Amino acid sequence: MVKIKSNLKQLKLSVPAQESPISSFLTASGTFHDGDFLLNQKGLRLTSDEKQSRQSDSKELDFEITAEDLETVKVIGKGSGGVVQLVRHKWVGKFFAMKVIQMNIQEEIRKQIVQELKINQASSQCPHVVVCYHSFYHNGAFSLVLEYMDRGSLADVIRQVKTILEPYLAVVCKQVLLGLVYLHNERHVIHRDIKPSNLLVNHKGEVKISDFGVSASLASSMGQRDTFVGTYNYMSPERISGSTYDYSSDIWSLGMSVLECAIGRFPYLESEDQQNPPSFYELLAAIVENPPPTAPSDQFSPEFCSFVSACIQKDPPARASSLDLLSHPFIKKFEDKDIDLGILVGTLEPPVNYLR
(Lines of atoms letter the chains of each structure in order from A and count residues from 1; the text may use other names and numbers.)
(Lines give C-alpha, C1' and ligand atoms only; values in the text may rest on other atoms or scores of the structure.)
Protein backbone atom coordinates (compact mmCIF):
# COMPACT_ATOMS: atom_id res chain seq x y z
CA MET A 1 0.00 0.00 0.00
CA VAL A 2 1.09 3.61 -0.54
CA LYS A 3 2.41 4.92 2.77
CA ILE A 4 2.55 8.65 3.45
CA LYS A 5 4.99 10.23 5.89
CA SER A 6 3.13 13.50 6.34
CA ASN A 7 0.26 15.51 4.97
CA LEU A 8 0.74 17.46 1.79
CA LYS A 9 0.67 21.05 3.00
CA GLN A 10 1.47 22.98 -0.15
CA LEU A 11 -0.60 22.62 -3.27
CA LYS A 12 -1.36 25.51 -5.62
CA LEU A 13 -4.97 25.30 -6.69
CA SER A 14 -6.18 28.49 -8.31
CA VAL A 15 -9.70 29.87 -8.40
CA PRO A 16 -10.81 30.33 -12.02
CA ALA A 17 -10.70 33.93 -13.19
CA GLN A 18 -13.71 35.60 -14.73
CA GLU A 19 -13.95 34.28 -18.26
CA SER A 20 -14.36 36.16 -21.51
CA PRO A 21 -16.98 34.87 -23.96
CA ILE A 22 -15.74 33.29 -27.19
CA SER A 23 -17.40 36.10 -29.16
CA SER A 24 -14.90 38.58 -27.72
CA PHE A 25 -12.12 36.75 -29.61
CA LEU A 26 -13.86 36.76 -33.01
CA THR A 27 -13.43 39.38 -35.71
CA ALA A 28 -16.25 40.51 -37.99
CA SER A 29 -15.08 37.99 -40.62
CA GLY A 30 -15.20 35.08 -38.14
CA THR A 31 -11.45 34.85 -37.52
CA PHE A 32 -10.40 33.79 -34.02
CA HIS A 33 -7.98 36.49 -32.80
CA ASP A 34 -6.03 36.25 -29.54
CA GLY A 35 -2.96 38.47 -29.31
CA ASP A 36 -0.57 37.51 -32.12
CA PHE A 37 -2.67 34.44 -32.94
CA LEU A 38 -5.16 34.44 -35.84
CA LEU A 39 -6.99 31.33 -37.04
CA ASN A 40 -9.79 30.89 -39.58
CA GLN A 41 -10.92 28.44 -42.27
CA LYS A 42 -7.77 29.11 -44.30
CA GLY A 43 -5.37 28.32 -41.52
CA LEU A 44 -3.16 29.80 -38.83
CA ARG A 45 -1.13 33.00 -38.83
CA LEU A 46 1.11 34.32 -36.07
CA THR A 47 1.56 38.07 -36.46
CA SER A 48 4.74 37.91 -34.37
CA ASP A 49 6.31 35.72 -37.04
CA GLU A 50 8.95 37.74 -38.88
CA LYS A 51 7.89 36.34 -42.23
CA GLN A 52 4.18 36.79 -41.46
CA SER A 53 3.64 33.39 -43.01
CA ARG A 54 0.18 31.86 -43.18
CA GLN A 55 -0.31 28.17 -42.55
CA SER A 56 -2.50 27.67 -45.59
CA ASP A 57 -0.18 25.17 -47.25
CA SER A 58 -0.18 21.77 -45.58
CA LYS A 59 3.20 20.85 -44.11
CA GLU A 60 5.20 18.06 -45.73
CA LEU A 61 2.33 17.15 -48.06
CA ASP A 62 2.09 17.45 -51.82
CA PHE A 63 -1.63 18.19 -51.60
CA GLU A 64 -3.74 20.70 -49.71
CA ILE A 65 -6.16 20.01 -46.89
CA THR A 66 -9.43 21.78 -46.27
CA ALA A 67 -12.26 20.87 -43.92
CA GLU A 68 -14.32 19.76 -46.92
CA ASP A 69 -11.60 17.31 -47.99
CA LEU A 70 -11.81 15.25 -44.80
CA GLU A 71 -14.34 12.58 -43.85
CA THR A 72 -14.63 11.12 -40.36
CA VAL A 73 -13.98 7.39 -39.98
CA LYS A 74 -14.48 7.11 -36.22
CA VAL A 75 -13.73 8.79 -32.90
CA ILE A 76 -10.45 7.46 -31.49
CA GLY A 77 -10.04 9.60 -28.38
CA LYS A 78 -11.80 11.94 -25.99
CA GLY A 79 -10.55 14.44 -23.44
CA SER A 80 -11.43 17.61 -21.57
CA GLY A 81 -10.55 19.70 -24.60
CA GLY A 82 -12.54 17.81 -27.23
CA VAL A 83 -12.39 14.67 -29.35
CA VAL A 84 -9.83 13.09 -31.66
CA GLN A 85 -11.19 11.62 -34.88
CA LEU A 86 -9.61 9.31 -37.40
CA VAL A 87 -10.25 11.10 -40.69
CA ARG A 88 -9.49 10.26 -44.31
CA HIS A 89 -8.68 12.61 -47.15
CA LYS A 90 -11.49 11.97 -49.64
CA TRP A 91 -9.40 12.39 -52.77
CA VAL A 92 -6.00 11.04 -51.69
CA GLY A 93 -7.03 8.37 -49.19
CA LYS A 94 -4.45 9.36 -46.57
CA PHE A 95 -5.45 9.04 -42.91
CA PHE A 96 -4.97 11.74 -40.28
CA ALA A 97 -5.86 12.23 -36.64
CA MET A 98 -7.98 15.36 -36.27
CA LYS A 99 -8.37 16.94 -32.86
CA VAL A 100 -11.62 18.92 -32.74
CA ILE A 101 -12.13 21.33 -29.85
CA GLN A 102 -15.43 23.11 -29.37
CA MET A 103 -14.60 26.56 -28.09
CA ASN A 104 -17.53 26.86 -25.68
CA ILE A 105 -15.18 25.55 -22.99
CA GLN A 106 -13.37 27.04 -20.03
CA GLU A 107 -11.14 29.92 -20.98
CA GLU A 108 -8.14 28.24 -19.35
CA ILE A 109 -8.56 25.21 -21.62
CA ARG A 110 -9.02 27.53 -24.59
CA LYS A 111 -5.71 29.20 -23.74
CA GLN A 112 -4.05 25.79 -23.56
CA ILE A 113 -5.35 24.96 -27.04
CA VAL A 114 -4.00 28.23 -28.43
CA GLN A 115 -0.67 27.39 -26.81
CA GLU A 116 -0.74 23.92 -28.40
CA LEU A 117 -1.35 25.40 -31.84
CA LYS A 118 1.53 27.84 -31.44
CA ILE A 119 3.94 25.12 -30.37
CA ASN A 120 2.79 22.74 -33.11
CA GLN A 121 3.30 25.51 -35.65
CA ALA A 122 6.94 25.79 -34.61
CA SER A 123 7.79 22.18 -33.74
CA SER A 124 6.51 20.09 -36.63
CA GLN A 125 9.92 20.00 -38.32
CA CYS A 126 11.25 17.73 -35.57
CA PRO A 127 10.96 14.01 -36.52
CA HIS A 128 10.31 13.09 -32.89
CA VAL A 129 7.30 15.38 -32.45
CA VAL A 130 3.90 14.54 -33.95
CA VAL A 131 3.41 16.62 -37.09
CA CYS A 132 0.58 19.14 -37.20
CA TYR A 133 -0.16 19.40 -40.93
CA HIS A 134 -2.91 21.97 -40.76
CA SER A 135 -5.26 23.79 -38.40
CA PHE A 136 -8.36 25.89 -38.88
CA TYR A 137 -11.27 27.52 -37.05
CA HIS A 138 -14.81 26.99 -38.29
CA ASN A 139 -18.30 26.92 -36.78
CA GLY A 140 -17.11 27.47 -33.22
CA ALA A 141 -14.43 24.77 -33.22
CA PHE A 142 -10.66 24.54 -33.55
CA SER A 143 -9.45 21.62 -35.65
CA LEU A 144 -5.88 20.32 -35.73
CA VAL A 145 -5.02 17.91 -38.54
CA LEU A 146 -2.28 15.74 -37.07
CA GLU A 147 -0.06 12.90 -38.16
CA TYR A 148 -1.86 9.61 -37.53
CA MET A 149 0.23 7.28 -35.36
CA ASP A 150 -1.41 3.96 -36.16
CA ARG A 151 -0.22 1.95 -33.14
CA GLY A 152 -1.58 4.41 -30.62
CA SER A 153 0.44 5.31 -27.55
CA LEU A 154 2.81 3.55 -25.19
CA ALA A 155 -0.20 3.20 -22.90
CA ASP A 156 -1.91 1.19 -25.65
CA VAL A 157 1.22 -0.91 -26.13
CA ILE A 158 1.59 -1.88 -22.47
CA ARG A 159 -2.15 -2.55 -22.29
CA GLN A 160 -1.49 -5.42 -24.71
CA VAL A 161 2.03 -6.61 -23.86
CA LYS A 162 1.92 -5.75 -20.11
CA THR A 163 5.64 -4.87 -19.97
CA ILE A 164 8.24 -3.71 -22.49
CA LEU A 165 11.69 -5.31 -22.52
CA GLU A 166 14.85 -3.24 -22.03
CA PRO A 167 16.10 -3.30 -25.65
CA TYR A 168 12.82 -1.84 -26.88
CA LEU A 169 12.73 0.64 -24.00
CA ALA A 170 16.17 1.90 -24.99
CA VAL A 171 14.86 2.59 -28.51
CA VAL A 172 11.81 4.34 -27.07
CA CYS A 173 13.89 6.45 -24.69
CA LYS A 174 16.32 7.58 -27.35
CA GLN A 175 13.55 8.84 -29.61
CA VAL A 176 11.72 10.62 -26.79
CA LEU A 177 14.98 12.17 -25.59
CA LEU A 178 15.73 13.48 -29.08
CA GLY A 179 12.31 15.11 -29.03
CA LEU A 180 12.92 16.60 -25.59
CA VAL A 181 16.34 17.92 -26.60
CA TYR A 182 14.63 19.72 -29.46
CA LEU A 183 11.83 21.10 -27.27
CA HIS A 184 14.09 22.10 -24.37
CA ASN A 185 17.16 23.40 -26.20
CA GLU A 186 15.77 24.76 -29.45
CA ARG A 187 12.15 25.68 -28.76
CA HIS A 188 12.58 26.44 -25.01
CA VAL A 189 9.42 24.51 -24.21
CA ILE A 190 8.54 22.51 -21.11
CA HIS A 191 6.07 19.86 -22.22
CA ARG A 192 4.58 19.42 -18.69
CA ASP A 193 2.54 16.33 -19.57
CA ILE A 194 4.98 13.60 -20.58
CA LYS A 195 3.26 10.27 -19.92
CA PRO A 196 2.74 6.97 -21.77
CA SER A 197 -0.51 8.12 -23.41
CA ASN A 198 1.24 11.19 -24.89
CA LEU A 199 4.09 9.18 -26.44
CA LEU A 200 2.69 7.88 -29.72
CA VAL A 201 3.93 5.00 -31.87
CA ASN A 202 3.45 3.96 -35.49
CA HIS A 203 3.90 0.61 -37.24
CA LYS A 204 7.45 1.56 -38.28
CA GLY A 205 8.49 1.79 -34.64
CA GLU A 206 8.74 5.56 -34.59
CA VAL A 207 7.95 7.18 -31.24
CA LYS A 208 6.82 10.80 -31.16
CA ILE A 209 5.80 13.30 -28.49
CA SER A 210 2.25 14.60 -28.73
CA ASP A 211 -0.31 16.79 -26.95
CA PHE A 212 1.12 20.22 -26.20
CA GLY A 213 -2.10 21.50 -24.65
CA VAL A 214 -0.42 22.28 -21.33
CA SER A 215 3.10 23.05 -22.57
CA ALA A 216 4.85 26.21 -21.49
CA SER A 217 7.17 28.26 -23.68
CA LEU A 218 10.03 30.01 -21.91
CA ALA A 219 11.99 33.08 -22.95
CA SER A 220 15.30 31.29 -22.33
CA SER A 221 16.55 27.84 -21.49
CA MET A 222 17.20 28.98 -17.90
CA GLY A 223 13.58 30.02 -17.22
CA GLN A 224 11.30 28.52 -14.59
CA ARG A 225 7.55 28.15 -14.16
CA ASP A 226 5.31 27.92 -11.11
CA THR A 227 1.90 26.90 -12.49
CA PHE A 228 0.03 23.67 -11.70
CA VAL A 229 -1.03 21.98 -14.93
CA GLY A 230 -0.63 18.51 -16.40
CA THR A 231 -1.47 14.96 -15.34
CA TYR A 232 -0.77 14.75 -11.61
CA ASN A 233 0.39 11.09 -11.59
CA TYR A 234 3.50 11.93 -13.57
CA MET A 235 4.19 15.38 -12.09
CA SER A 236 7.51 16.03 -10.39
CA PRO A 237 7.47 16.71 -6.62
CA GLU A 238 8.37 20.38 -7.04
CA ARG A 239 5.41 20.94 -9.34
CA ILE A 240 2.97 19.25 -6.98
CA SER A 241 4.25 21.27 -4.01
CA GLY A 242 3.84 24.53 -5.93
CA SER A 243 7.53 25.36 -6.32
CA THR A 244 9.15 26.74 -9.44
CA TYR A 245 10.16 24.15 -12.01
CA ASP A 246 12.06 23.89 -15.26
CA TYR A 247 12.90 21.39 -18.00
CA SER A 248 13.97 18.82 -15.42
CA SER A 249 10.29 18.29 -14.55
CA ASP A 250 9.88 16.62 -17.96
CA ILE A 251 12.80 14.32 -17.11
CA TRP A 252 11.04 13.15 -13.93
CA SER A 253 7.91 12.42 -15.98
CA LEU A 254 9.95 10.52 -18.57
CA GLY A 255 11.54 8.38 -15.85
CA MET A 256 8.14 7.60 -14.36
CA SER A 257 6.76 6.68 -17.79
CA VAL A 258 9.69 4.43 -18.68
CA LEU A 259 9.58 2.65 -15.33
CA GLU A 260 5.84 2.08 -15.73
CA CYS A 261 6.44 0.52 -19.15
CA ALA A 262 9.08 -1.75 -17.62
CA ILE A 263 7.18 -3.00 -14.56
CA GLY A 264 3.65 -2.83 -15.96
CA ARG A 265 2.11 -0.57 -13.33
CA PHE A 266 2.36 2.99 -12.09
CA PRO A 267 5.59 3.14 -10.03
CA TYR A 268 4.01 4.54 -6.86
CA LEU A 269 1.41 1.77 -6.74
CA GLU A 270 2.11 -1.66 -5.32
CA SER A 271 0.33 -4.71 -6.73
CA GLU A 272 -2.31 -4.61 -3.99
CA ASP A 273 -3.05 -0.95 -4.77
CA GLN A 274 -4.46 -1.86 -8.18
CA GLN A 275 -7.78 -2.96 -6.67
CA ASN A 276 -7.95 -0.22 -4.02
CA PRO A 277 -5.96 2.75 -5.35
CA PRO A 278 -5.06 5.68 -3.09
CA SER A 279 -6.99 8.93 -3.28
CA PHE A 280 -5.88 11.92 -5.33
CA TYR A 281 -4.31 13.67 -2.33
CA GLU A 282 -2.75 10.49 -0.94
CA LEU A 283 -0.98 9.92 -4.23
CA LEU A 284 0.21 13.53 -4.45
CA ALA A 285 1.48 13.35 -0.88
CA ALA A 286 3.31 10.09 -1.60
CA ILE A 287 5.09 11.62 -4.61
CA VAL A 288 6.19 14.66 -2.58
CA GLU A 289 7.00 13.00 0.75
CA ASN A 290 8.11 9.44 0.00
CA PRO A 291 11.44 8.32 -1.50
CA PRO A 292 11.34 8.11 -5.30
CA PRO A 293 10.64 4.73 -6.88
CA THR A 294 13.50 2.73 -8.37
CA ALA A 295 13.82 -0.09 -10.87
CA PRO A 296 14.19 -3.45 -9.05
CA SER A 297 17.86 -4.40 -9.35
CA ASP A 298 17.02 -8.11 -9.36
CA GLN A 299 14.84 -7.71 -12.46
CA PHE A 300 16.69 -5.13 -14.56
CA SER A 301 20.20 -4.38 -15.73
CA PRO A 302 22.44 -1.94 -13.81
CA GLU A 303 22.32 0.37 -16.83
CA PHE A 304 18.53 0.56 -16.80
CA CYS A 305 18.37 1.04 -13.03
CA SER A 306 20.91 3.84 -13.35
CA PHE A 307 18.95 5.49 -16.17
CA VAL A 308 15.73 5.49 -14.15
CA SER A 309 17.51 6.88 -11.10
CA ALA A 310 19.09 9.62 -13.21
CA CYS A 311 15.56 10.73 -14.13
CA ILE A 312 13.61 10.18 -10.91
CA GLN A 313 15.51 12.36 -8.45
CA LYS A 314 13.60 14.38 -5.84
CA ASP A 315 16.10 17.25 -6.20
CA PRO A 316 15.61 18.80 -9.68
CA PRO A 317 19.28 19.81 -10.20
CA ALA A 318 20.27 16.20 -9.52
CA ARG A 319 18.34 14.98 -12.57
CA ALA A 320 20.25 14.46 -15.79
CA SER A 321 19.33 16.66 -18.74
CA SER A 322 17.76 15.28 -21.91
CA LEU A 323 21.06 15.87 -23.72
CA ASP A 324 23.10 14.09 -21.04
CA LEU A 325 20.72 11.13 -21.02
CA LEU A 326 21.29 10.55 -24.74
CA SER A 327 24.82 9.45 -23.87
CA HIS A 328 23.78 7.35 -20.87
CA PRO A 329 25.14 3.75 -20.85
CA PHE A 330 21.60 2.36 -21.08
CA ILE A 331 21.02 4.16 -24.39
CA LYS A 332 24.49 3.32 -25.70
CA LYS A 333 24.16 -0.35 -24.71
CA PHE A 334 21.69 -1.11 -27.50
CA GLU A 335 22.65 1.44 -30.16
CA ASP A 336 24.58 -1.06 -32.29
CA LYS A 337 22.12 -3.93 -31.76
CA ASP A 338 19.74 -2.97 -34.58
CA ILE A 339 16.68 -3.18 -32.34
CA ASP A 340 13.51 -2.75 -34.40
CA LEU A 341 10.60 -1.49 -32.31
CA GLY A 342 8.42 -2.02 -35.37
CA ILE A 343 8.69 -5.78 -34.83
CA LEU A 344 7.08 -5.45 -31.40
CA VAL A 345 4.32 -2.99 -32.27
CA GLY A 346 3.69 -4.60 -35.65
CA THR A 347 2.34 -7.70 -33.91
CA LEU A 348 -0.17 -5.69 -31.86
CA GLU A 349 -3.74 -4.92 -32.71
CA PRO A 350 -4.08 -1.26 -33.73
CA PRO A 351 -6.04 0.53 -31.00
CA VAL A 352 -8.44 1.90 -33.61
CA ASN A 353 -9.76 -1.67 -33.99
CA TYR A 354 -10.90 -2.00 -30.38
CA LEU A 355 -11.95 1.60 -29.70
CA ARG A 356 -15.65 2.27 -30.06
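Numbers run from 1 along the shown chain.
Here the Cβ of each residue, glycine as well, is placed from N, Cα and C on the backbone.
Averaged across the domain 'Protein kinase' (70-331), pLDDT for the predicted model comes to 85. Here Swiss-Prot flags 70-331 as domain 'Protein kinase', drawing on sequence analysis.
Under the heading ATP binding site, Swiss-Prot lists Ile76, Gly77, Lys78, Gly79, Ser80, Gly81, Gly82, Val83, Val84, Lys99, citing sequence analysis as support. In the shown protein chains, 22 other C-beta atoms lie within 10 A of the C-beta of Gly82 (ATP binding site).
Taken residue by residue with DSSP, Asp193 (active site, proton acceptor) is part of neither helix nor strand, so it is coil. As annotated by Swiss-Prot, active site, proton acceptor applies to Asp193.
Swiss-Prot lists Ser221 with the feature phosphoserine, giving similarity to another entry as the kind of evidence.
Annotation comment: Swiss-Prot describes Thr231 as phosphothreonine.
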| request: Inside 10 Å of the Cβ of Asp193 (active site, proton acceptor), count up the other Cβ atoms and send me the figure. | output: 21
| task | With an 8 Å cut-off on Cβ-Cβ distance and a minimum sequence separation of at least 6, pull the same-chain contacts of Lys78 (ATP binding site), or say none. | result | Val84
| query | How far is it from Ile76 (ATP binding site) to Asp193 (active site, proton acceptor), counting Cα to Cα, in Å? | reply | 20
| field | Rounded inter-Cα distance in Å - Gly82 (ATP binding site), Asp193 (active site, proton acceptor) | value | 17
